[in-house]
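Participant: Per TrEMBL, the features are:
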type: TRANSMEM; residues: 9-32; note: transmembrane segment
type: DOMAIN; residues: 10-458; note: domain 'Major facilitator superfamily (MFS) profile'
type: TRANSMEM; residues: 44-64; note: transmembrane segment
type: TRANSMEM; residues: 76-93; note: transmembrane segment
type: TRANSMEM; residues: 99-122; note: transmembrane segment
type: TRANSMEM; residues: 134-155; note: transmembrane segment
type: TRANSMEM; residues: 175-194; note: transmembrane segment
type: TRANSMEM; residues: 276-293; note: transmembrane segment
type: TRANSMEM; residues: 313-334; note: transmembrane segment
type: TRANSMEM; residues: 341-361; note: transmembrane segment
type: TRANSMEM; residues: 373-391; note: transmembrane segment
type: TRANSMEM; residues: 412-429; note: transmembrane segment
type: TRANSMEM; residues: 435-457; note: transmembrane segment
Amino acid sequence: MDNHQKKNLTFLTIGLIFMLSGIEYAVILPTIWRYLQILEAPPYFLGLGLSAFSMSGLLTGPLFGFWSDRSKTTKSIILFSNIFEIAGNFMYFLGYSKWLLLCSRLVAGVGAGAGSSIFGFLTRCTQPEERAGIFAAIMACRQAGLLVGPAFNLFLRLCDFKLGPFVVNKYTSPGIFMCLLWVLLQFAVLAMYWDIPSISSKEEGAVIVEMKQEEVEEEMPLMGSDEEPVHTYRAVNSDLVETSTSSEMQPFHGASTVSNPFKNFSASREFLREEVVVLLTAQFITLFNQTALETMVTPLTQRYFSFSELGNSLMYSLCGVEVILGFFFVRWLSRRVADRAVLAVGLVICCTACIWCLIFLCKPRGGYGWELSAFIIGVFLQLLGLPFVAVSQVSLFSKVTAEKTQGFSQGVRRSVGGLATILGPLWAGGLTNNLYIMLGMMLALLIMITVMTVLSYDRLTEPRAVQCAQSSDSGG
């Protein structure tokens, strides 16, 4: 199997990992509240259960990223992290008490921390110009999981039997179902995932091989003699090239795997730069607003439009389709437009959507048809801007931070996003009856990050030294 096939299969496996994370969210979320009620849990346990998953991922993301940066491998990390997903979902299936259910989400969230290692891996083995498109496709896989997840609930809710001493019903079945899916994924990772060398290491290795071959070719006339048979001379030369090349390559590979990428690393120097602060802020605000809106939408549709569970499911399905199409549009657009321009467009769309919601949704006017139309337009605009901001800020972040510590940096970025997913629902949950305050705060945050992006626009690009090096390589 050549490297191109290995790379495609590896990317396919990564897509499956993100799809399963989306399926897990979509399968467990609809039933966890009723499950907690059966276990006699107080209402605040719902928030604890949902936040526990994000909290453990927030804490473990940088650790997994640090591990991948030191070892330059991700396959073993993925296999290890998936064990936590398997154990957490099996604990969810057991469900003896509300505390076990809470711990199950905490344990499963550890597995989500491996996402930082995966983004670091994608950064190291892709060219900067193709990176945004690949990130868009990976994010679309998670949205696809969110879209197909409710379909699995259609048959999971029919479960009503015993598996030995364990009860399998519509509340416990999502746990054992996801447990089995993560087990199957382990076999997929073992069979289809390869730790592809980083592009920089392959380029450096190629330079070393080329230099050694030139040296050997220069020495060839001195090593041979007129009396020596031609075929013997060629054999000696071939062996020499092979052994000298391999011997010279050994120190290089050793340096790439054993050397400490954090030797001269400074967190303040890496993360307190202007462009990095802007992108981390964009990450926080995007996910804060997204989770706040997700929290607000269901009460809003019940209050104004009397949507049933079927109506909400249909709405979420349509939203999922829009987001997936948005990611693939951004994937196409990123090949033609700079990442910072995509980010700017996304922020303008998000600001427009928030202003629309402030004007038309806080105090709806007109009849049912007009109110529903205003709501649909508001949701459409909110979701339209999401792929633009999400993909561009991840791609830019991978370019303005050091490649050798990319796993740890991506872990920090995902931890910032995890904090936003915890605070967003808490903020919106208490303000569903005060939409002016809730949406006003969201708009203020969007205006702030838009102004920051405008002021730092010239710095939101790949470092000039890297660009010059790439242009000289392509010119050579």
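A Cβ is built for glycine as well, from the same backbone N, Cα and C atoms used for every other residue.
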Participant: Which range out of 44-64, 134-155, 175-194, 341-361 gives the transmembrane segment (76-93) the most CB pairs under 8 Å?
Facilitator: 175-194
Participant: Which stretch, 134-155, 276-293, 412-429, 435-457, tops the Cβ pairs under 8 Å count with the transmembrane segment (44-64)?
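Facilitator: Between the stretches 134-155, 276-293, 412-429, 435-457, 412-429 has the largest tally.
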Participant: Using a Cβ cut-off under 8 Å, which residues of the same chain at least 6 positions beyond either end of the transmembrane segment (412-429) come close to it?
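Facilitator: Counting only partners 6 or more residues beyond its ends, the transmembrane segment (412-429) has Cβ contacts under 8 Å with 47, 50-51, 54-55, 57-59, 61-62, 65, 113, 115-116, 119, 271, 279-280, 283-296, 394, 397, 438, 441.
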Participant: Would the transmembrane segment (435-457) count as touching the transmembrane segment (373-391), i.e. at least 3 C-beta pairs under 8 angstroms with sequence separation of 6+?
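Facilitator: Output no: the transmembrane segment (373-391) is apart from the transmembrane segment (435-457).
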Participant: Under 8 Å for C-beta pairs, could you tell me which stretch among 175-194, 313-334, 341-361 has the largest tally with the transmembrane segment (134-155)?
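Facilitator: Top-ranked stretch among 175-194, 313-334, 341-361: 313-334.
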Participant: For the transmembrane segment (9-32) and the transmembrane segment (435-457), does the number of C-beta pairs under 8 Å, pairs 6 or more apart in sequence, reach 3 or more?
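Facilitator: No; fewer than 3 Cβ pairs under 8 Å.
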Participant: Please identify the stretch among 276-293, 313-334, 435-457 with the greatest number of Cβ pairs below 8 Å relative to the transmembrane segment (341-361).
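Facilitator: By Cβ pairs under 8 Å, 435-457 leads among 276-293, 313-334, 435-457.
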